[in-house]
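Scroll down for the structure; my scribbles are underneath it.
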Amino acid sequence: MSTETASRGLTIHTESMTSIHWLGVALATITGVVHLWLAYAFMSETGPAIAFLIAAVGFFGGVAAVLLDYRRRLFYALGIPFTAGQIPLWYVANAPDFGAIGIADKVVQVVLIVVLVVLFRQES
C-alpha cells in the first residue's frame, strides 16, 4: 500500500460540488435532524422510534456519501425512492391531523426529491 493511498482515508471531496449539491446536502440534513428528533420524541414507542432512527441514518448516510464523493450517482438513485416512500407513510400515519413540522418536513423532502432527480440526470 502506498503512502498516498494510506493517507487518503475518508476525505471530504467538495471541490466538484455545485450549489445544487449543497442544496441537497442541506435538505437531507434538515429532514435527517427532524427524523432524529422524532426518534427521540417517540422513544417510549419502540416501533416508530426505530423507524424514525432508520430514516435519520439513511439521510445522514446519503449526506456522508455525497461529501465523501462515494458513488454519488447510486446514492441519488437510492435517495429518490427512499425519500418518496416516506411521504405516503407519513400521510397514512398522520391523516387527518397534519402538524406544521410534518408538513414542513414533507415540503423539504419533495424539494430534495427534485434535487436528487436533477443530480442523477446531470451525472448520466
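Just so you know, glycine gets a Cβ as well, placed from its N, Cα and C.
Model, not experiment: these values are computed from the prediction.
If you look up TrEMBL, you'll see 20-43, 49-68, 75-93, 99-120 marked as transmembrane segment.
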(Q) Counting Cβ pairs closer than 8 Å, which of 20-43, 75-93, 99-120 has the most of them with the transmembrane segment (49-68)? (A) 20-43
Q: Give residue numbers and ranges for long-range contacts of the transmembrane segment (75-93): same chain, 6 or more residues beyond its ends, CB-CB under 8 A.
A: 28, 31, 55, 58, 62, 65-66, 102, 105-106, 109-110, 112-113, 116-117, 119-120, 123
